[in-house]
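Enquirer: What TrEMBL records for this protein is below:
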type	residues	note
TRANSMEM	B:12-29	transmembrane segment
TRANSMEM	B:41-61	transmembrane segment
TRANSMEM	B:68-86	transmembrane segment
TRANSMEM	B:92-116	transmembrane segment
TRANSMEM	B:128-147	transmembrane segment
TRANSMEM	B:167-189	transmembrane segment
TRANSMEM	B:210-235	transmembrane segment
TRANSMEM	B:255-286	transmembrane segment
TRANSMEM	B:298-319	transmembrane segment
Amino acid sequence: MADQALDGAASRPLLSLRNVNMTFGGVKALKNVSFEVLPGEVHCLAGENGSGKSTLIKVITGVYRPEAGAVIDYDGQSYSHMSPVTAQAGGIQVIWQDLALFPEMTVAENIAFQTVIARWPRLVNYAEMRRVATNALQRLGVTLDVDLALHHFPIAQRQIVAIARALVGQAKLVFMDEPTASLTQSETDYLLDIVRNLSASGVAVVFVSHRLAEVLEISSRVTVLRDGALVGVYPTKGLTQSRITELMTGKTFGYSALHRDLGTSPVMLEVKGLSRPGEFQDVSLTVRRGETLGITGLLGAGRTELALTLFGMRKPKSGSVVLDGNPVRFGSNRDAIAAGVAYLSEDRLSLGLIQPQAIADNMVVASLDKILSRGFISSDRKRSLVNRWIRDLGVKIGKQDDAISTLSGGNQQRVAIAKWLATDPKLLILDAPTVGVDVGARAGIFDIVSKLADSGLAIILISDEVPEVYFNADRVLHMAQGRIVGEYAPCATTLQAIEEAVYA
Amino acid sequence: MRRFVRSHATELALLAVIAVICVFLSFATDRFFTLGNAFDLLNTSSVNIIFAVGLLVVLIAGGIDISFAVAASVVQYLTATVLGWVGGGNWIVGLIIAGALGVALGCINAFLIHGFRIISIVATISTFNIFFGLLMFFTGGVSIYNLPDWLTTRVVLFEREMADGTWAEITLPVLIMAICVFATWALITRTTTGRQLYAFGDNPEGARRFGINIGAMQFIAFGWLGMMAGIAGLVQGHYAQEVVPNALYGRELDVLAAAVLGGARLGGGKGSVLGCILGVLLVSITQNGLNLMGVSPFAFKMIVGAIILAAITLSNTSIERLLPFLKSRRVPS
Amino acid sequence: MTVLIDRARNALGPELAGPLAAFAVVMVVFGIAAPNFLSRATFGSVAFQLPELGLLTLAMLLPILTGGLNLAITFTANMAGLTLAWVLQSQGGVDAGIGAFVLGSVLAVAVGALSGLIMGLVIAYTKAHPILVSLSMMIFLRGLGEFLTRGGDVSGIPGFLARIGYSSIFGIPVPLLIFIASVLIWHILLTRMKLGFNTYMIGSNIEATRYSGINTRKVQVLVYTLSGAMCAVAGIIMLARFNSVRVGHGESYLLITVLACFLGGVNPFGGFGRVIPVFVALVVLQLLSSGLNLMGANQHLATAVWGILMITVMILRWLAGRLKFLNTNRG
């Protein structure tokens, strides 16, 4: 579409794709997509979950073979499809979100692991490994102790190691899949510097991220995908976060901020001066019955730590918590659940749900006492409870006994919400409830949240996506470095104002 | 220095514990701190150390093997029989036969694990029963006493008469053990194959993405343990001067405990030859010391069990908690 | 009708297919090969041998469901047996009364439970690997037992206890009745009780279970304690059967119990597995050894055949998985 001519005269594209189509089980994952990367540029691939970003990367790296008619031009050669071997030989490297590193091995071995991959066994040349690793790190402008096992390093430095490993493979084009997802702000800044260095040394970087602030900061151009189709390619200069959001979602946000009158509603939760050194300090907040309080802020701001403390899984150093008029001090999350606090974890895969187990079992695990009859689990009660929640929350399942992992992200999240509603909570804390949930299903989740608030539940909604809290919360707290630094009423503030404050 | 401490925490802790025990025993008994006794310890620990370094390779690759000790019994018996057929033979022939038979048995495990995706503990518990059941069935539990002369003759490599008239000796099993230890050390730390084994045990999915041949890893790991088990079997036969079908039954768990005590991790990716040896030595030094102190042999098994239980409990409460200055910013992966 | 089948399937679990198929094969093969196989004698010997291995397998089952293992089961059973034997001895040996037996049994179960409790505490609070904890407990108990008995037998058991070991009620041997009762208790525990429910959840993901408000440490401690108590029941039965206790008695059962659990479809990583299929798997194992016995083979060949059966079942499961995979990919 527009703006493709940018710098076009100056350099030929390193990579250029046209007419890429992919279909999975009758669903079109990519619809006639084209994509282009210039040598040495930082290019951003933006789109919501399920927009086709990772499918596109897998086509480029040869994991998937596109339908006939596709043209892939890379580094002066033309292909109808790539293979993992041609992609790697041509210098295309991907840094996956899970990094695929070896924690017990040294940094040098992780970076130079390519040198121990050989058809026939050879002696290991540790000196050569160290040299290769140090060189790669030097190119990034980083010094690490290459002889120390990787597990001694924090996640941000492991990310660096993964990048250094990609450089050893003579990379010309590096894809980074959500590299900042688990980094704190200062770590992210560090990483962005590295990306700039890479770009300056002539390596093209495709940055995949849903964090718009970073997108704007690092890239020169942005390609936006939506529902498997290309929306357009835009020079970053002149874009704003809200504009990218519009492009990604295709909505001009006809939503308006909430207008609920909660003036007389009784206070459900009152927190005063809550502190846990190193995590959060002096946090005070109140949530009324029927109110949704949004908490936003960057990763590492202490949001999840605060939530876990309210949920009784960590103990506060000082401060007080009053729930429904009673001062509370929880010894464990069991006390919190009994008192009426529920916490939906941000990590649905490994903490929120017990993935291999049945849907029904996951729904009742937190409220087993309710399905007991004379001390024994009543399968009739269990079935009727589960049926009720499946109906009320509109969960689409095959059988109750199917494993949770057979459900889509959105349906899994509904099951997780049902699990907590079954405990009859007074306060529901939702930590990043839309992570890994498709765009279409997110609205459904927030419909449920809104109905729950209307029924009198107090809700805390935590998210690092400002629009999510802006449109779904009555009040928004901004948390940074463990402190509450701002409070906004969406009906009296613009989205941009909050975004600017948060991403500043 | 600090880096060395951090990357060898288990080995250093074990060394410290062994040192404390040794100092205590040297004061408590007059026999313990002698060359003769030290050599004695080495002679008696040889078989277990050979087993342990073999098992280490499988543990590093993320597997577990329950069958290796009874496999060693099978090898012992078959080797003795084969040697009977060919008549005579010598140490080289014996070791080659035993090693080859061991590799074959190990490869059966690898084949089941890789070919049919059976989890290693399930596969090797099955082969444990198969090996042992068939061995006892075909031999009827009868021992072999008429072994070739070269196998039953003690081979003393080094001896010295001590002041009190006793003899300090190093025997052939120690040399074989040293060769096995060196070979395993070279395999896992000096060859590309060894590093691939570590990587495979550490992060199988990551290793697969790098194009490591997963099947080859299983065959190498279990084949190596098989070879070590075969050799250990022959050495044990030499040591005991007879081949008893159920002599090694139950040894697998003792060796496993020693290997893990030495820092090998169930689940793969971690473990060292040094740690393994120290793990075995800790157990045998304790037994030896209690023996010299005149403690009832029935009691010292119990004490060894209690020490292992305490060591495992302590090592899991993390060395870093005990030695706070080592504390690193460790992020769970 | 379909509702009933559904209910039955729910109660028994999909794991039952494998053991039942193995059961059918064993019945048919030996029914043809050994003409006297389908006789009272065969079932008599199965009924007689099943309880010891069976009770120890039940003790192994719970820890495996949590994703662990209890390698100390046989020596825990020995220690419990010793406890009972000593109480009986101190109360007059062969002349000891029923009161001494009751007291001794209670103490025996307490000793078994204590061994489990210690393991459970170590596992729950230090997060040490259960294989290691139970392995060191096994080494410790073996040493303790040998120390206390000096490696010998403890005998001098009153006659009524031996009679319990060999008597029958309605034609069913008393040990078998105790075993069946234990199977039912374990079945109810796992399908109908909170502890059982949480055992499965912990086996699949202990952290997610903790986040759901389950006291996971308590569950782990209880699981190992119950496992130890069940070992004690096995130890008491063994004492009644052999009229004496020796440390190391039943040692060879240890890995067979793990095999029986896996054969019964229990997931080696925990989280899935039911009692009834394990029960059927145990019956299959005993039928196999009885059948082989009839044909002149000994227990050692039966042990090997058990291993081969396990491998065969695993290969068949693998094949079934492959077929399913190929079918879905074609469709």
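Positions of Cβ are set from backbone N, Cα and C atoms, glycine also.
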Enquirer: With pairs fewer than 6 apart in sequence excluded, do the transmembrane segment (B:255-286) and the transmembrane segment (B:92-116) have three or more C-beta pairs that lie under 8 Å?
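Expert: Contact criterion not met.
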Enquirer: Do the transmembrane segment (B:255-286) and the transmembrane segment (B:128-147) come together with 3 or more C-beta pairs under 8 Å, pairs six or more apart in sequence?
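Expert: Stretch pair does not touch.
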Enquirer: Which one, B:12-29, B:41-61, B:128-147, B:210-235, has the most C-beta pairs under 8 Å toward the transmembrane segment (B:167-189)?
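Expert: Per the Cβ under 8 Å count, B:41-61.
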Enquirer: Tell me whether the transmembrane segment (B:41-61) sits in contact with the transmembrane segment (B:128-147), defined here as at least 3 Cβ pairs under 8 Å among residues 6 or more apart in sequence.
Expert: no
